[in-house]
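Engineer: Heads up, here are the entries from TrEMBL:
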TRANSMEM  12-38  transmembrane segment
TRANSMEM  59-86  transmembrane segment
TRANSMEM  98-121  transmembrane segment
TRANSMEM  128-144  transmembrane segment
TRANSMEM  150-169  transmembrane segment
TRANSMEM  181-198  transmembrane segment
TRANSMEM  204-225  transmembrane segment
TRANSMEM  237-256  transmembrane segment
TRANSMEM  317-335  transmembrane segment
TRANSMEM  369-388  transmembrane segment
TRANSMEM  400-428  transmembrane segment
Amino acid sequence: MTQQIIKAIKSSGILGTIAALTVLLFGGWSGAVIGWLLGSAAGFMRCQGRRIITPQEGAKLGAIAGLVLGIWLLIASLLQALFAPVLGQPIVSLSDSLQYGILALVVAALAGGVMGALQGLPIGRRRTATLVTLAFILILFPFVDQLAQTNWIAIIIQIQIFIMLALGLNITVGYAGLLDLGYAAFFAIGAYTTGLLSSPQLNIAWNFWFVLPIAALVAAIFGVILGSPTLRLRGDYLAIVTLGFGEIVPVIFRNLTDVRIEEPISKIVGSLAGRPEWAICLVGCDRPLNLTGGEAGINPIGRPTLPFIGTFDASDYLPWYYLILLLVVFSYFMISRLKDSRLGRAWTAIREDELAASAMGINLVKTKLLAFAMGATFSGFAGAFYAANISAIFPSVFDFSVSVIILCMVILGGLGNMTGVILGGIIIMSADRLYLPRLAQVLNSFLNTSVLPNIGSPPLRDFIATSIDPLQMRLFLFGLTLVIMMIVRPEGLVPDALHRAELHSQDDAMKESLAEARSQ
């Protein structure tokens with residue numbers, strides 16, 4: 001029993017740090033919510049790689065892991081009460097913090113025990129029971145969030161949008177090995193397609209459910225258009241071309257505000273004959289057409305409508321949450337089928353060795369174009385949902401930093417592994433949309449209440465007030481994450497087995513050579 005507790009303490013570092021940071025930043029009921037989520041994860045992870053015979057044994061291991069995580073939460077809750085006045089946060093009594101911490105501890109232990117017990121079931125039932133439990137957690141989360149008043153549901157919706165984007169990019173980068181640095185362009189294409197077809201911009205008001213597949217199809221077509229000139233390119237050259245495409249698309253959308261389209265043959269004939277009036281106008285004849293709204297974007301954009309629910313309301317997050325959850329599940333299912341198909345194996349073959357894949361009869365042109373098209377399709381789905389969700393789109397939203405963040409998710413989670421990509425998406429986007437903004441608020445309160453009033457020099461005071469802002473360092477932090485991952489764990493947190501074997505094959509060969517040398 002003591003050894004199991006010691007092992008649980010050693011393995012709880014990352015989850016415990018995340019849990020404690022959550023409580024320190026948010027306080028209150030957040031400990032119980034994060035204890036429920038991370039306690040389940042701790043119980044699941046504690047039982048992996050172990051031969052568990054009975055559910056009772058699994059429940060014991062999972063409960064211990066959850067209990068250790070709960071201790072982190074309890075300590076953090078007490079520290080939050082002690083340092084709240086210094087940090088400029090609302091003051092909470094020590095007794096209330098103790099109650100919050102004990103509740104979080106109990107919830108984490110119970111969640112870990114339940115998840116651990118499921119890992120003790122027979123193999124045939126274990127996967128089903130785990131998936132059902134995961135579905136139960138995802139379905140129940142909005143109600144728990146509302147009950148605990150953590151107000152995370154809007155951020156969770158944004159996280160799921162980027163998870164779908166990361167799953168799509170994983171097709172191109174993870175499966176086919178084609179580095180795409182302009183992936184946000186397809187996100188923009190899906191969003192603008194939705195905006196143009198379901199807004200007053202062109203006096204078109206098509207139903208969202210009809211526009212959704214059209215946005216995905218248009219993004220797929222542009223994926224083929226991007227892929228066509230890059231078929232002979234590899235490595236850095238491919239990355240540069242995709243980067244250029246990603247930079248061009250927002251500029252085009254920003255400048256399509258004065259559009260007039262003329263029939264090309266009549267225009268050429270009229271120009272040659274010196275009669276420009278012969279050109280037949282097709283679009284923007286009376287006055288140039290403002291197609292994309294420029295920097296002002298397109299607003300408003302139509303929202304989804306369902307029977308018994310009506311039109312989705314911006315202030316009611318519940319329908320949006322379940323819709324994007326269904327889209328993510330659909331994406332996961334379709335991409336997993338693609339990976340296991342003949343096309344998925346062809347992508348893997350191209351990633352490993354294009355020459356060998358071609359010699360085996362794989363059509364490189366068709367396979368690469370399908371990789372770009374399939375990856376862009378899911379980005380189009382995400383763009384359509386994003387446009388409808390915020391009911392407005394602006395070109396500045398789809399800049400290069402979006403492509404970088406999505407790529408960070410894929411690399412952090414593990415190239416070619418969808419579970420890892422989802423985990424990477426949760427970590428990166430939670431940091432970007434949840435933890436960094438809250439940390440900025442806490443630091444700002446701390447500076448205003450405890451630091452800046454004690455500084456007599458106005459220039460120094462202004463410098464400190466404007467320099468210490470985590471939101472301004474977000475790209476630096478994500479870049480640092482990439483560098484650290486490339487050095488410490490290049491295969492990602494949850495790597496694909498084949499990709500991990502490739503990265504560590506030289507290390508294993510070197511170890512074998514050293515072992516042989518020592519034996520001699």
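The backbone N, Cα and C atoms fix where each Cβ goes, glycine too.
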Engineer: Does the transmembrane segment (12-38) come close to the transmembrane segment (98-121), meaning at least 3 CB pairs under 8 Å for residues 6 or more apart?
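Structural biologist: By the criterion, they touch.
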Engineer: Counting only residues 6 or more past its boundaries, what in the same chain has a CB within less than 8 Å of a CB in the transmembrane segment (237-256)?
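Structural biologist: Cβ under 8 Å, 6 or more out: 178-185, 188-189, 192, 226, 229-230, 291-292, 294-295, 395-396, 398-400, 403.
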Engineer: Among the recorded stretches 12-38, 150-169, 317-335, which has the greatest number of Cβ pairs closer than 8 Å to the transmembrane segment (369-388)?
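Structural biologist: The stretch I would name here is 150-169.
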Engineer: If we skip the immediate neighbours and take only residues 6+ beyond the ends of the transmembrane segment (12-38), which ones have a Cβ under 8 Å from one of its Cβ atoms?
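Structural biologist: Same-chain contacts beyond the flanks: 45, 65-66, 68-70, 72-73, 75-77, 79-80, 83-84, 89-90, 92, 97, 100-101, 103-105, 107-108, 111, 137, 144-145, 147-150, 152, 435, 438-439, 442.
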Engineer: Should the transmembrane segment (150-169) and the transmembrane segment (400-428) be scored as in contact, given a threshold of at least 3 Cβ pairs under 8 Å and pairs 6 or more apart?
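Structural biologist: In this chain the transmembrane segment (150-169) contacts the transmembrane segment (400-428) - 3 or more Cβ pairs sit under 8 Å.
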Engineer: Sequence-remote contacts (6 or more beyond its ends) of the transmembrane segment (59-86), Cβ cut-off under 8 Å?
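Structural biologist: Residues packing against the transmembrane segment (59-86) from afar: 4-5, 8-9, 11-12, 15-17, 19-24, 27, 31, 34-35, 38-39, 42-47, 50, 52, 92-94, 96-98, 100-102, 104-117, 119-120, 446, 449-450.
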Engineer: Out of 181-198, 204-225, 317-335, which stretch has the largest tally of CB pairs under 8 angstroms to the transmembrane segment (400-428)?
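Structural biologist: Between the candidates 181-198, 204-225, 317-335, the best contact partner of the transmembrane segment (400-428) is 181-198.
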Engineer: So which of 128-144, 181-198, 317-335 has the most C-beta pairs under 8 Å when paired with the transmembrane segment (204-225)?
Structural biologist: 181-198
